[in-house]
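K.L.:
Could you have a look at this structure, given as structure tokens, before my questions?
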Amino acid sequence: MSLSKYFNPIPDASVTFDGATVQLEESLGAVQNDEESASEFKNVGHLEISDITFRANEGEVVLVLGNPTSALFKGLFHGHKHLKYSPEGSIRFKDNEYKQFASKCPHQIIYNNEQDIHFPYLTVEQTIDFALSCKFHIPKQERIEMRDELLKEFGLSHVKKTYVGNDYVRGVSGGERKRISIIETFIANGSVYLWDNSTKGLDSATALEFLSITQKMAKATRSVNFVKISQASDKIVSKFDKILMLGDSFQVFYGTMEECLTHFHDTLQIKKNPNDCIIEYLTSILNFKFKETSNSIVGLDTPSVVSEENQALNINNETDLHTLWIQSPYYKHWKAITSKTVQECTRKDVNPDDISPIFSIPLKTQLKTCTVRAFERIIGDRNYLISQFVSVVVQSLVIGSLFYNIPLTTIGSFSRGSLTFFSILFFTFLSLADMPASFQRQPVVRKHVQLHFYYNWVETLATNFFDCCSKFILVVIFTIILYFLAHLQYNAARFFIFLLFLSVYNFCMVSLFALTALIAPTLSMANLLAGILLLAIAMYASYVIYMKDMHPWFIWIAYLNPAMFAMEAILSNELFNLKLDCHESIIPRGEYYDNISFSHKACAWQGATLGNDYVRGRDYLKSGLKYTYHHVWRNFGIIIGFLCFFLFCSLLAAEYITPLFTRENLLRWNNYLKRYCPFLNSQKKNNKSAITNNDGVCTPKTPIANFSTSSSSVPSVSHQYDTDYNIKHPDETVNNHTKESVAMETQKHVISWKNINYTIGDKKLINDASGYISSGLTALMGESGAGKTTLLNVLSQRTESGVVTGELLIDGQPLTNIDAFRRSIGFVQQQDVHLELLTVRESLEISCVLRGDGDRDYLGVVSNLLRLPSEKLVADLSPTQRKLLSIGVELVTKPSLLLFLDEPTSGLDAEAALTIVQFLKKLSMQGQAILCTIHQPSKSVISYFDNIYLLKRGGECVYFGSLPNACDYFVAHDRRLTFDREMDNPADFVIDVVGSGSTNIPMDDAEKPTSSKIDEPVSYHKQSDSINWAELWQSSPEKVRVADDLLLLEEEARKSGVDFTTSVWSPPSYMEQIKLITKRQYICTKRDMTYVFAKYALNAGAGLFIGFSFWRTKHNINGLQDAIFLCFMMLCVSSPLINQVQDKALQSKEVYIAREARSNTYHWTVLLIAQTIVELPLAISSSTLFFLCCYFCCGFETSARVAGVFYLNYILFSMYYLSFGLWLLYSAPDLQTAAVFVAFLYSFTASFCGVMQPYSLFPRFWTFMYRVSPYTYFIETFVSLLLHDREVNCSTSEMVPSQPVMGQTCGQFMKPFIDEFGGKLHINNTYTVCAYCMYTVGDDFLAQENMSYHHRWRNFGFEWVFVCFNIAAMFVGFYLTYIKKIWPSVIDGIKKCIPSMRRSKTSHNPNEQSV
């Protein structure tokens, strides 16, 4: 099918710059200011590019080179916000002023960067289906055909049922994920496309296909495309119609590629190195490297490329290049065209013909599409789905059985109130657990909104709608189980009203916490807001504090609380028509009073009337709780109003507030904090181990040339190198041996693998692979998805699942010491996973000390090599710098056996890529064995590799040997192939030959005419399709020679008699590991000021809120009840605090799982211990703040005997919730599941502590849980400390009136009862009405609640036991989850039990698996 017919761009599109001087915010670009120290504040910088003049027409693809490219692209993308240019110049889209056009038609400007952000639990086809549904209002069948065609074009048909995945969720490979991003961008259907390093992670063949498709799409849809590429072969460069070259301050060229080369090479006489590809040549001009001699070009001893003519032109700086550009005929040509275009443009407003609807589908379809995707997300994330379902079912069973068969008595009415309150509170906690998922959705939603797939508020509305639907199912399950176990009224009306209000209240909480997530910039701040909201909801639901007892300054909160209205409606619905038996509450009672008329007794329950041994439910509601049944449907309307209000505010926040929380805005805010709050500055200006030079690069105080260690450091590949020890080009010989002592003393070993097969399920990813590495630099190459990363993981012993067969040998001997092997190798992952709040130097130092020899001086060498600003935070690094840091983290370990690198040059510009490969070459020349996957290598880059190991799709080896011989090998076996050593890139040649082609686009040259369609199926190198290169290699003489060479090398290695384990660096002691990781975690925590502020603010705010709510607690019966609920609310604060702790600890956990664990950086228990040690002082100090804010407001005793012991126990409680939160985080597969576990286990343990249900009413089966719940002991200790020896003076309404029999005083009449049950009389000697108070002192109340002051130290010991249990469970949970990896087995077991979850069609494709 032809795809072009579905695209409707603006006709005659063009982008014209006429002498425009553009000012751009530097933070918008990918380029970071390396000279800026992270310890110093600077305002957001601005890039100013002067005199930009060019015109790009419809159907053209323009290559843009230069440091400011990313900033320019983002400026054009956010044209109406961030693009500023001088009035003397002009920027036009057609005849429209660009900023006006960008404001009126933002959907016509499409931006794609190097980041691949997707929902990991959606499959590839679901992701593309969604994008197509948002942009094309066509029948479903056409959309499916269009999807399949796109997947076919981009070579993704074989993974369409596979999860997309991310760095932490296994899914498609990185290259395949990049292609998904490209497809999404194409689907956006714009007129101007800005491709910002969009080929990062693609091999050269796939990148060429991408450019071919872009070129065809540009011509078919008549769009304008601007492309930034860091590395590209000449064949790729030839695909571009024009090239725009930007210096830091000026434009230096625009025109065709042929004109560009003529201008610089022929006219300006800037010579080109024969091994450099075009993009390397042009990049060197922009970076002004053509003025440098061989001594300043890292590792090269080639002659100077500066000609006499060039020197005569006196090109000394960028201004000279710009001057020569404007003097050229090319500039005059384009200046005439752009001036004419601007002169003809007299329109002040945007042409109405160019304005089209921003969104391609109606709102109804947007809502439907987003809702369907929400359903697919939740079904895909099975861990989260199952954890929610299990928690609701188990919780309803447990609580239903706890309140089993509630009696129709006055005491039973309290249980009914507790059950109602618990139901409301449980679903509040469950809604709170959704906040982490809300934050994880936001980056993907932000990308889609920028692509104009839908309105931001539509996604919010759809997500809320689906969450409400899914929660409704949970509420129905919960209600059915709980309602009938508790034996609430068996009446259809009562049941459905209970279900209705619990459901609507739950919807309200879903919207409220969704709103909280949308208005908070970070999850820590969201947890702060949610913590305060949670307290307000719980305390002012009119159950913890009755309406009549609320202080007047806070009673208004109850009327703003949906829980209060839900509580009144549900409890009124249950009690209004009941008659509650009062036999357990009659005063006086006992054998002495059995024969006395009831006219002398009274029912001690609110709402009781004299002479009746029962209480009507409606009377209890009215007098005790201030409830009335007549408010039920009024409250329903009010809750619906709250729901609509929260939902409306969520939609507004999604549209206008959340978009403000971009990285750029948050960096600005962080800069303001640094400027006005110097104490927040996290960097040290003085460092004992390193100093900073003018370039912001860490250099040791000792000169590099003087480094001398037992294993000598590799000299820096910077200008500070000794000129008498240089890397020669591979074609040259190294004839200087005077500096051999400087080289790393690496004993040569032979690492070989034979008949390696790797299978996951029924899919074979590596098929009978054999090879070896002894020394030198070997490139592991193949098309995207061929299994390169998988083979690296197998060889480095990093596979986590599947079956590996075959042999891995060291010097011909089977590998037995895997731990030593892992410590002898380095592995640079494709994903750049680091702790964001460490500096570059700190990141390198940790790796050096834990995995290397601890040579801190060597850190300066690596920093100089990689040109990294040592004192800059990782969070402030550009993507390129993060990649360099990943390499540096492995280099500082000095791997003695083998260094693996997975695409180390991906995303780097040509110069940086060449620098890295040159350094790798230097290491290999010193004996280091290096195996490196590489994408898109230029001819000069690939020439540094000694050998290549070539894979085809399916993980089959098709060649192993030197690269020149590889080209000869393929040509010799297929005479129809041709290879020109002078012109062709050998890397591109071998990939083209063995690659089956990711798409069906022909690999034609730029000169070949291109069709206006993008669907002509022509395969790669048709002439080679009939050859099975894998089978040919297995029987080839070349493989026999490889085997013979391996035997000789192994024999030499065995003769040396050196065991590779002798060169393994001894790891630091266990205590040293703990010390170093604890210091690291402390630094990361200290620098996260948002987290620290949120923790202290939540404790202070919650303490004051609770303290003022229970202000000066009275010495009456209500005061006793208030004391219990005060302590219960103090424990409730732990829930949002746990969420904060988990969010913070997640960062280091993910880094450990993704990188450090696989590299044996330190023992897994070290991370858990270090995180606990670092969090402990924060928990204690913040809990101290809470205690000070709360305790002294409530009016309890302030002596050390009471307040001191209370404080001691609360500090222990802070240790409990800290260890509890870390246990669940380290035992759960992800943060969302951990949040559900917190909600479930918190409500589970809290329900058995005797607050919700009195111990006397516990079913016998559950009495053990009363003893097992840690909250039982905390509550008993806290309440007994507050109420011990506290005098009770009942208020008039709390006095129980009774009438003595004739001839007796009240004291005489009530004495038997008081002797048995306690209490006191207001007046003993009266003969009329006896005013009885149930308690004399607080200990009487404690005894009734099964509590005792004398248990406080016993409880203190039990509390320590629970803390120790949490810590032990944390270790066990982490071991089972991440060492033994039990979760996949658990999920598989559940899938077998639930047939609907058996999704065989959605299998994973771990060709190049993520963690």
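Start at 1 and count along the chain as shown; that gives each residue its number.
Each Cβ is built from the backbone N, Cα and C atoms, and glycine gets one as well.
Remember, it's a predicted structure, so these values are computed and weren't measured experimentally.
Under the heading ATP binding site, Swiss-Prot lists Gly782, Glu783, Ser784, Gly785, Ala786, Gly787, Lys788, Thr789, citing sequence analysis as support. Under the heading domain 'ABC transporter 1', Swiss-Prot lists 31-273, citing sequence analysis as support. Sequence annotations record features per position, and here Swiss-Prot assigns domain 'ABC transporter 2' to 751-979 based on sequence analysis. Marked as N-linked glycosylation site by Swiss-Prot on the basis of sequence analysis: Asn595, Asn1289, Asn1324, Asn1346. The feature topological domain 'Cytoplasmic' is assigned by Swiss-Prot to 2-388, 440-471, 516-524, 658-1090, 1139-1175, 1226-1230, 1377-1411, with sequence analysis given as support. Feature annotation from Swiss-Prot assigns topological domain 'Extracellular' to 410-418, 546-636, 1112-1117, 1197-1204, 1252-1355. Positions annotated as transmembrane segment by Swiss-Prot: 389-409, 419-439, 472-492, 495-515, 525-545, 637-657, 1091-1111, 1118-1138, 1176-1196, 1205-1225, 1231-1251, 1356-1376.
Are these features on the surface or tucked inside, and what are their neighbours?
P.N.:
In the three-state DSSP scheme, Gly782 (ATP binding site) falls into the coil class.
Other Cβ atoms within 10 Å of the Cβ of Asn595 (N-linked glycosylation site) number 6 in total over all chains. DSSP assigns Asn595 (N-linked glycosylation site) to coil, not to a helix or a strand.
All protein chains considered, the CB of Asn1289 (N-linked glycosylation site) has 15 other CB atoms within 10 Å.
Taking the Cβ of Asn1324 (N-linked glycosylation site) as centre and 10 Å as the limit, one finds 15 other Cβ atoms among all the protein chains shown.
Other C-beta atoms found within 10 angstroms of the C-beta of Asn1346 (N-linked glycosylation site) number 14, with every protein chain shown included.
The topological domain 'Cytoplasmic' (2-388) scores a mean pLDDT of 81 in the predicted structure.
Remark: secondary structure over the topological domain 'Extracellular' (410-418) totals 9 helix, 0 strand, 0 coil, with classes taken from DSSP.
A Cβ distance under 8 Å defines the sequence-distant neighbours of the topological domain 'Cytoplasmic' (440-471), meaning residues of its chain 6+ beyond its ends; these are 77, 106-107, 110-111, 117-119, 130-131, 134-135, 184-185, 188, 358-359, 363, 366-367, 369-371, 373-375, 378, 427, 430-431, 434, 503, 506-507, 510-511, 514, 518, 647, 650-655, 658-659, 661-662, 1231-1232.
Taken residue by residue, the topological domain 'Cytoplasmic' (516-524) breaks down under DSSP into 6 helix, 0 strand, 3 coil.
Beyond the ends of the topological domain 'Extracellular' (1112-1117), by six or more residues, the same chain brings 1123, 1126, 1193-1196, 1286-1291, 1294, 1333-1335, 1341 to within a C-beta distance below 8 angstroms of the stretch.
The list of residues near the topological domain 'Cytoplasmic' (1139-1175) in space but at least 6 beyond its ends in sequence, with Cβ under 8 angstroms from a Cβ of it, reads 167-168, 432, 435-436, 523-524, 527-528, 530, 798, 819, 822-823, 826-827, 829, 831, 833-836, 846-847, 850-851, 1067, 1070, 1073-1074, 1076-1078, 1080-1082, 1084-1085, 1088, 1091, 1094-1095, 1098, 1218-1219, 1221-1222, 1224-1226, 1231, 1234-1235, 1238, 1367, 1370-1371, 1374-1375, 1378-1379, 1411.
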K.L.:
Looking at the binding-site residues Gly782, Ser784, Gly785, which has the shortest Cα distance to Asn595 (N-linked glycosylation site)?
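P.N.:
When the Cα distances are compared, Gly785 comes out closest.
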K.L.:
Specify the nearest of the glycosylation sites Asn1289, Asn1324, Asn1346 to Ser784 (ATP binding site), where nearness means the distance between Cα atoms.
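P.N.:
If we rank Asn1289, Asn1324, Asn1346 by Cα distance to Ser784 (ATP binding site), first place goes to Asn1346.
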K.L.:
In three-state terms from DSSP, label Lys788 (ATP binding site) for me.
P.N.:
helix
K.L.:
Given a Cβ distance threshold of under 8 angstroms, which distant residues of the chain, six or more beyond its ends, lie next to the transmembrane segment (1356-1376)?
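P.N.:
Cβ under 8 Å, 6 or more out: 1164-1165, 1168, 1172, 1208-1209, 1212-1213, 1215-1216, 1219-1220, 1222-1224, 1226-1227, 1270, 1273-1274, 1277, 1382.
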K.L.:
Other Cβ atoms within 10 Å is the metric here; tell me which of the binding-site residues Ser784, Thr789 scores highest.
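P.N.:
When each Cβ's neighbours within 10 Å are tallied, Ser784 tops the list.
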K.L.:
How many neighbouring Cβ atoms, not counting its own, are there within 10 Å of the Cβ of Gly787 (ATP binding site)?
P.N.:
28
K.L.:
Can you tell me which of 389-409, 419-439, 1091-1111, 1176-1196, 1205-1225 gets the most C-beta pairs within less than 8 Å of the transmembrane segment (472-492)?
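P.N.:
Between the candidates 389-409, 419-439, 1091-1111, 1176-1196, 1205-1225, the best contact partner of the transmembrane segment (472-492) is 389-409.
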K.L.:
Can you tell me which of the glycosylation sites Asn1289, Asn1324, Asn1346 is spatially closest to Gly785 (ATP binding site)? Compare CA atoms only.
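P.N.:
Checked the glycosylation sites Asn1289, Asn1324, Asn1346; minimum Cα distance to Gly785 (ATP binding site) goes to Asn1346.
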K.L.:
Can you figure out which of Asn1289, Asn1324, Asn1346 (the glycosylation sites) comes closest in space to Thr789 (ATP binding site), comparing Cα atoms?
P.N.:
Asn1346
K.L.:
For Ala786 (ATP binding site), which of the glycosylation sites Asn1289, Asn1324, Asn1346 has the nearest Cα in space?
P.N.:
Asn1346
K.L.:
So if I exclude everything within five residues of the ends of the transmembrane segment (1091-1111), which remaining residues of that chain have a CB under 8 angstroms from its CBs? That is, six or more out.
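P.N.:
Tertiary neighbours of the transmembrane segment (1091-1111) are 522, 524-525, 527-528, 531-532, 535-536, 539-540, 545, 550-551, 553-554, 1085, 1122, 1125-1126, 1129-1130, 1133, 1136-1137, 1140, 1143-1144, 1178, 1181-1183, 1185-1195.
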K.L.:
List, by number or range, the same-chain residues at least 6 past the transmembrane segment (1205-1225) whose CB is under 8 A from its CB atoms?
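P.N.:
Tertiary neighbours of the transmembrane segment (1205-1225) are 1130-1131, 1134, 1137-1139, 1141-1142, 1145-1146, 1149, 1168, 1171-1172, 1175-1176, 1179-1180, 1182-1184, 1186-1187, 1191, 1231, 1234, 1237-1238, 1241, 1270, 1274, 1277-1278, 1281-1282, 1352, 1355-1356, 1359-1360, 1362-1363, 1366-1367, 1369-1370, 1373.
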K.L.:
Which one is closest to Asn1324 (N-linked glycosylation site) in space, judged by CA to CA distance, out of the binding-site residues Gly782, Glu783, Lys788?
P.N.:
Lys788
K.L.:
When the topological domain 'Cytoplasmic' (1226-1230) is classified with DSSP, how many of its residues are helical, how many are strand and how many are coil?
P.N.:
2 helix, 0 strand, 3 coil
